[in-house]
Amino acid sequence: MFLENSKSHYSPDYTIDDPSSMSFARVFAILFSSVTGIMNGANLSGELRKPSESIPRGTLLATLFTFLCYILLGLTIAASCQYELLINNYSFLIPINYWSGFVVIGLSAATLSAALGNLIGASRILHALAKDGLFGLPLKPAAVTVAGGNPIPAVAISFCLVMLVLLIGSLNLIAPIVTCFFLLAYASTNLACAALDLASAPNFRPKFKLFHWSASLTGLFGSLVMGFLVSYIYTPISIMIMLGLMIVLHLRSLPDNWGSISQALIFHQVRKYMLMLDPRKYHVKYWRPQIILLILHPRQNAQMIKFVNDLKKGGLYVLGHVFPSVLNLEQMVIDPSEEAMPEWLSIVDELKVKAFVELTLAPDVRAGAQQLIRISGLGGMKPNTVCLGFYESAAVREAARLADQQSHEPGVINLSASPSQHHGWFSTPSSTRDVATPSDYTRLLGDVLQMGKELLVLRHMHALDSNGLGGRGKRQIDVWPVNFFQPGLKGYIDTTCLLQLQFACILNSSRRWRRDCRIRVFLCVDAGSNLDELTKQLDLLLGDLRIQAQTHILDWQHVVGEANPMSDGAISSAYLTAANQCIRLQSPETAAAFLYLPRPPSDPRMHAQYLEQIDILTKDLPPTVLVHGLHKVFSRNL
């Protein structure tokens, strides 16, 4: 009899009408429902005194005990009962047992224990979901508890859901549905364990010493394969339901305090690829801007932050801020940079920019800026371009502060109620006591170039509207590759001019600018020069660089008129005023302009004059980016 019953001959029983519907997968689905209590211990972890010890011990012992019982029961039944009896009588154990009452008692105990275990476990999970507010109002009633902390409403809701499933009326129909959902739950658990181990999370130390990620992946794929074998309809449906719930949680963006495995996996992969990003293998063909923006008050410079975000072209973007302090760190109750970090990260989220934040504490702003420029980034991702706002006069700063207090522009962060006070002097600070001298600012510009970084100085960014364009009808991105401080170099294209073209092209390729704006390049030449030949050469250069732009050649004499460029050995104010007026005449529809930034003088006595000359040149212009480049950023041989 045992040998006869050990053969495979699946056939329908008296509850099934379709003879071809019975198979190994169908029998597996029905039997699998009997071993779904393996997660009951984990579901009741909140009720256990020592869950880390009780869950693995209880789960393993229960699994072993159940396995032995089922194996012994299966073998003894196969050796003592005919095949026809097993097919046609579900209660065959009652008449053949030593005492029929044992079977009745066993069935009652097994049914009640399994039902109550799953009911209580499911209700605890439902209560936890409702308590955390993961799905909002629909689960809010399940969060209610009575005396003793028992979630009676969650139990009642779970009971009603179970009753709805039982209305199907047939175990053979219910079992595949239940099995698919349980297999998906086990697959998710295996995936989480494998991910934790592969991510090398230091705090993931399972007490089961024989654990290995390969076993979890085996369980993951085994659960998914058996799910599709049991039902190729219910399994995809259950997966889509799970993905739908995950999408809902992602869209709700709830603040969580239990940690996310995705962060551990991202860290693991990012670290691995950062080690592969070798700066020694850099090539100019793959140059991209890696920008650090030194900034004071985000509230007053929200447009600047968003503008620089459009210049990064998928590169590194860092917001840097310095807390100048004469106190040592041991004299402080808390590090102000650590205290302010959550606030700055919320600013990044609010402005919807893809940026990192670096804060530092230093005796003065210049030293702090040098720290940020040197240490920001990691490995092959370190800033190669430094941006900062222009050094405005005290009157301009005060006007900006008053306008900021009266502004209610959407998207501008209100930090007036912030407990931490931001100090520094990177553009439009709140008071004159926060501002360093013109000489300190000019020295910082020299420091940036001395450290081998490209330099961008931004001015008039407040003229940008919330969409990034300079008002209605602003359709031009102008490039002036002319060093107005050296009139003898008219028409000369150097690394700074090429960097201007590069950033103008990057800005025009960003989503907010490419639809409505176009690039114009202005080049000033001496009177009598062959304008057609110069235009042809410039168009050829732009063609080799694959930049679509309109070229405009201006006669230098028409630019400056009768103004004498030099006065007492220095650039005359009349000449710079004439150049400023020329730029303004060409800019009625300019959304942004890129100008040549001369190298700062090394003589401290000329620092104030240097800033005054730049102020004259850029006065009342559209949003302006002053550029000074050191390195090659284009390759004409791709």
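Cβ atoms here come from the backbone N, Cα and C positions, even for glycine.
The transmembrane segment annotation in TrEMBL falls on one of the ranges 174-198, 224-248, namely 174-198. Confidence in the domain 'SLC12A transporter C-terminal' (304-392), given as mean pLDDT, stands at 86.
The DSSP breakdown of the domain 'SLC12A transporter C-terminal' (304-392) into helical (H, G, I), extended (E, B) and coil residues amounts to 36 helix, 22 strand, 31 coil.
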